Protein chains: 2
Amino acid sequence: MTQPTSLSALNERIAAVNDVLNAASVLTWDSRTMMPEGGAETRGHQIATLTRVARDLLLAPETEKALEAAEQAVEGLSEDAAERRIVLQTRHAVEHHRRVPASLIQERAALRTVAQSAWIEGRSKSDFSIFAPHLAKTVELSRAYADCIGWTEHPYDAMVSIYEPGETAASLKALFAKLRTGILPILDAARSRPAPRSDFLFRDFPEEGQRAFGLTLAEKLGYDFGRGRLDTTVHPFEVSFTRNDVRITTRYSRNYLPASMFGTAHEVGHGLYEQGVDPAYTRTTLATDLVGLYGVGGTSFGAHESQSRLWENHIVRSPTFWRLHFPELQRHFPDQLGDVSAEGFYRAVTRVEPGFIRVEADELTYDLHIMLRVDIECALMDGSVPVSDLPGAWNAAIKRDLGLDVPNDSKGVLQDVHWSTGYIGSFPTYTIGNVMGAQVMETLRTQNPSLDGAIEAGEYSVLAQELRTRIWQHGRRFMRDELLERETGRRLDPAPYLAYLQGKYAQ
Amino acid sequence: MTQPTSLSALNERIAAVNDVLNAASVLTWDSRTMMPEGGAETRGHQIATLTRVARDLLLAPETEKALEAAEQAVEGLSEDAAERRIVLQTRHAVEHHRRVPASLIQERAALRTVAQSAWIEGRSKSDFSIFAPHLAKTVELSRAYADCIGWTEHPYDAMVSIYEPGETAASLKALFAKLRTGILPILDAARSRPAPRSDFLFRDFPEEGQRAFGLTLAEKLGYDFGRGRLDTTVHPFEVSFTRNDVRITTRYSRNYLPASMFGTAHEVGHGLYEQGVDPAYTRTTLATDLVGLYGVGGTSFGAHESQSRLWENHIVRSPTFWRLHFPELQRHFPDQLGDVSAEGFYRAVTRVEPGFIRVEADELTYDLHIMLRVDIECALMDGSVPVSDLPGAWNAAIKRDLGLDVPNDSKGVLQDVHWSTGYIGSFPTYTIGNVMGAQVMETLRTQNPSLDGAIEAGEYSVLAQELRTRIWQHGRRFMRDELLERETGRRLDPAPYLAYLQGKYAQ
């Protein structure tokens, strides 16, 4: 990427914003992995201040001046030139933040603190009424926020635009209808078959062996530990502080082997995306979410999730992977897995078993959990379902889709942290990730005839190189659908995902 | 501390500055304990940006407005009221930073990067000429910096004022003359006695046992792990992100037991100071070094060092301590220490042995290492010794004071990191810490008749409570000499320190 002098002032301003946002991410990572409990309150102040500082830097007169100069400078450039995108995206973010008053941001931040406490208490007591008033307030402030940002068809559109620009309530409804029609018959077929043996997954697996295998796994998939590290947290996540420092976490469940293994593979997928962004984009708008105020290099939440799902589900949750690597897992756990075959292991970890909890769901039922949440988020935003009716609506959907009776709200409407953080609108991105991952994978398999052979030989660098060239290196330069059109010839399309599920679960 | 409404605007501004500076400290801690090597370059940008943001917040018109309102509001308050000190210190810092142009700050920051590389190379090759031009530039920029800040008698005065307000080249010269006169005879006497047995200190001490003993030691001394943690680094340090999160590090030398033990005790002393600052001062000027732009709660570098030296040397390096706790150390290392007595152990760890390296020096020779450096710093600042003459001046001083011939510059003039960071003026604070620690300890022993008994019984909380009340809780409210006058009845006085050294080393 060349840097015309006329862009250097803007790039310098944004580099500072990126620094501050990445600093906030370091503080968040530290608070979840290293911080002593006493530090929580002041750490909250520190992160809030950094976010406010980043926004102030973005809205400062100096940024506006640099932005106006840059807008003139890029006028002649082609529509998809990196420099032009820098300017367009910065302008978009500046206008976005100008529309949201600081008072509303403060109100949302203040709500988050009390809402999270209420959610934790409500969930532990399985009492929705403790959280309900805070959720009602969250909906109220989210509507105010949506009105600031602006929307035409549905207030939910404004919320989704933060995480997945381009998607709307209507586009998601259409996508989900197709997915539901495709998934339900595959699920029926899968459930009609006898469950495979899976008892061995629940044996005693000391953390040391799990960690050793996880580290090998991450390296095999191409994760660069010279620019990353793997730690342990209650809720696994990936976070980057530029492509040069991209960290992942996992959790070790001593009596359930798959948790850490597939969790690690998932976060490695996220990490590879961030580690693969073009170095020239470091500290620029093309590696910073200036709307969401987050130092991330991937282009949308859904695009990010596509990479984690691709590595987790298409690579690691495959018969090929375990045929190659199960012997190594057995070496770590000779007693626990001595009586298991690679094929038996694969069958066990891909068994279909509808349950109440989204984060424990199998591939076939996962999207049904998401659809339920998105339906509820839309209804909350347009007021068609009051907060008080949520548990009923939730439980009815679980009964309808999965045939299960939700025993209590902590296994139902109170299970996810998302709404307690004061945010609505990110749930669709999980399913978009599934769809996009399959679409990219299908294209790569078609266009690169040597890819399948490489994967079967355990040479994952061939896949990584394809993804780096087509997806990762572009950072946030292209929007998600633009990227898909460039690389797969079409916008988001559920067909490859349904074909993938069909192939995996309908035999 | 009450907060008049008229101070709340100022306190809010400073709280943000404190947040940003503490965020920078988290990033520094992380870079030394956790960060993958790939992250170094962008991490440097992030820390630099945060420091610049903190300075900009301090110099913003909003801060000036809030400060002027606060200045009016505190006019009637007593001279040592916390609110008045907040205003005075903030004004002092604002004026300080106004005098230093941003261009000079940038020049110093740019120099630091190249100077550190040159120092690392020069030290590894023991070739002063590699580092010399960068040191010359450091002196040049330090003079420019001193001229900005302002000085009357000696340019060194301006540099020292950053770390130890109140001290000057002249005051240090007077102090050091007294110390030298007192220390040299004690050193002569100590060197004339036969060296105690110390071979057992160099046996094989696995890290696990050292760490376990270190954790127990830290807890015994009162360090609160609910607001802290102990990690491993090449160079031990303490850093705080408010009193609620105060971290320490140590290093484990497998073949030299004292390194980690006394290093941990030293950093615990620093940590106790920070953990003991009045909670009401959190995120205020009274817990922020607004001149040095560092989120620290202790009132000066020397005062900070007094607490670390007090715990390390007066408590842990005492016969009483080892009479009480040597059996526990033996339990960790039964084979290595089975043939050693508590008294023999104490004698070994307090043996006097002049050497080339400051950080390995015993208590008696340590200050001589400091005096040499301060003499050189003064001479560099006033131009009486050119950089090219430094190795000669250094080696002559070591010969004169310790009777040793420096074999090469990496064991001489190139051994310390300090000058390579572009800073001059912090060395005196180590010796000031020794002096102040002894002065405080003498007063406490005189004024609290039950203190010695408590220490002899291993009840360190009595000492901690005294220090908390007299020193720690005040944070940065009082200047160092003011604090000493309040608590010991006099300003910094070398007599108690010399009496302590005499008692410990002249028998």
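Glycine residues also receive a Cβ, built from the backbone N, Cα and C atoms like all the rest.
According to TrEMBL, the protein carries these features:
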- A:HIS266, A:HIS270, A:GLU305: Zn(2+) binding site (BINDING)
- A:GLU267: active site, proton donor/acceptor (ACT_SITE)
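Contact annotation for chain B: of the listed recorded positions (A:HIS266, A:GLU267, A:HIS270, A:GLU305), none places its CB atom under 8 A from a CB atom of that chain.
All protein chains included, A:GLU305 (Zn(2+) binding site) registers 25 other Cβ atoms within 10 Å of its own Cβ. If you count neighbouring Cβ atoms within 10 Å for each of the binding-site residues A:HIS266, A:HIS270, the highest count belongs to A:HIS270.
A sphere of 10 angstroms centred on the C-beta of A:GLU267 (active site, proton donor/acceptor) encloses 27 other C-beta atoms.
Same-chain neighbours of the Zn(2+) site beyond A:HIS266, A:HIS270, A:GLU305, judged by a C-beta within 8 angstroms of the site's C-beta center, are, in sequence order, A:GLU238, A:GLU267, A:GLY269, A:HIS304, A:GLN307, A:SER308, A:ARG309, A:TRP311, A:GLU312, A:GLY433. DSSP assigns A:GLU305 (Zn(2+) binding site) to a helical segment in the three-state reduction. Between the C-alpha atoms of A:GLU267 (active site, proton donor/acceptor) and A:GLU305 (Zn(2+) binding site), the distance comes to 9 Å.
In the three-state DSSP scheme, the residue listed as 'active site, proton donor/acceptor' falls into the helix class.
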